[in-house]
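Quick look at what Swiss-Prot lists:
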COMPBIAS  241-251  compositional bias 'Basic and acidic residues'
COMPBIAS  269-279  compositional bias 'Basic and acidic residues'
CARBOHYD  N42  N-linked glycosylation site
CARBOHYD  N68  N-linked glycosylation site
CARBOHYD  N83  N-linked glycosylation site
CARBOHYD  N119  N-linked glycosylation site
SIGNAL    1-16  signal peptide
TOPO_DOM  17-138  topological domain 'Extracellular'
TOPO_DOM  160-167  topological domain 'Cytoplasmic'
TOPO_DOM  189-201  topological domain 'Extracellular'
TOPO_DOM  223-322  topological domain 'Cytoplasmic'
TOPO_DOM  344-367  topological domain 'Extracellular'
TOPO_DOM  389-396  topological domain 'Cytoplasmic'
TOPO_DOM  418-431  topological domain 'Extracellular'
TOPO_DOM  453-462  topological domain 'Cytoplasmic'
Amino acid sequence: MPLLLLSALLPFSLMAGPTPSTGKELSAASFLQDILQRYGENESLSMPQLQSLLENLEVGKGGGNQRNMSQCLSSSTLFAAHNLTSGSVVDAEGFQSFCPTILQQLETRACQESPAFQNETTPGAEGRPSPGEVWGYGFLCVTVISLCSLFGAGVVPFMKKACYKRLLLFCIALAIGTLFSNALFQLIPEAFGFNPLEDSYVFTSSVIFGGFYLFFFTEKVLKMMLKQKHEHGHSHYSADTSKRDAEEGVTEKLQNGDLDHMIPPPHGSESDLRGDEKAVQQQDLPGQQSSCYWLKGIRYSDIGTLAWMITLSDGLHNFIDGLAIGASFTVSVFQGVSTSIAILCEEFPHELGDFVILLNAGMSIPQALFFNFLSACCCYLGLAFGILAGSHFSSNWIFALAGGMFLYIALSDMFPEMNEVSKEDEEGGRAFSAFMIQNAGLLTGFAIMLLLTTFSGQIQLG
């Protein structure tokens, strides 16, 4: 049946004649004539017209990808190679001799922009999240992080339990692992314009973490061995350690969870001392009496200066955290979620420690919750600035700033805090258990960021 239909239609197709063409029969010269007609006049090209052709082909920019062996030549260099001056006119024959030069520059991709340059100069590249996704996911993550400031009141009854100290030690080690790894795997490479799917830097970043972990492991093992060797000798810790920690305030509270040890008032005034005693006594009151006390509150004049210093510094810290989150979400939802996870792991022990300090400085529990949450809300302000800066300017500088901040917090702030929290276990003969908890937290944080970076191409968010 199809053959019969085809044989019936064949005579009509032959009668219709050949398919109309747009002009002359197609030949090799047709392509050359088409170029000369579209870019030139009278089947010839002037130098500005030839320059326009090179710009459309992205050839002749001079100074392209330095990784390629072939050099990206400027248009003036290409013209000089063919003895062309500013007043020259290229006819069909001259353009045929010029074509191999264009073909060589295109084939070697010498003038192709590097991924880092494209990432920095094309902020509206395809694949970036929409403004609704950026603001929506950003506010969601910041809200979850800010709620960590309210968890402090829930753990107050457990602060004298042994499990609290071990949980706090694990959380601090987890924060170090996630912050350090997030800076190595995502923030710093993003600042340089690297892509984990194209640039093989993940293994190199893992080696950097390996060097850090190797020295940490060696130092801890050597200390445990030397302590066992000299356990009957002199003590390495002075007798006034607790007094020194009382003056410093922060590490003592995180280590012992002891709200009975108060920070001395700044001027020794009776009102400050009375306010501090009330802050401690409220922890030992029965449930109903404590509730009535919360409703009274404490006069702001009775609150120590340390509380206001902690609130202001924590607000600035949270602002920079929000800045990093906002800039990350402008790049991709995945990048923003990864940065938020690292900050969340750091915020839980940090906000818990701040809550204890505010109580010891003379605040009531409602006041400590309010000001701790108020400083946490500064993260929203940083988020807005980060989104606006990342949407209209290059976010590489924000990633560089956040990467340096994460490294400082992890190594200079959280790491000594982890050592202070584990000091009691080390002095009490439980150094090995504390060492294992530290290892579990560090390696867990590292593994989370490594897996997120390695499988970033398979994880679809937004």
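Positions of Cβ are set from backbone N, Cα and C atoms, glycine also.
Each residue in the topological domain 'Cytoplasmic' (389-396) gets a DSSP state, and the totals come to 5 helix, 0 strand, 3 coil.
A straight line from the CA of N42 (N-linked glycosylation site) to the CA of N83 (N-linked glycosylation site) spans 21 Å. Counting only same-chain residues 6+ beyond the ends of the topological domain 'Cytoplasmic' (389-396), those with a CB under 8 A from a CB of the stretch are 119-120, 123, 131, 134, 190-193, 323, 326-331. Residue density at N83 (N-linked glycosylation site): 8 other Cβ atoms are found within 10 A of its Cβ, drawing on all protein chains shown. All protein chains included, N42 (N-linked glycosylation site) registers 9 other Cβ atoms within 10 Å of its own Cβ.
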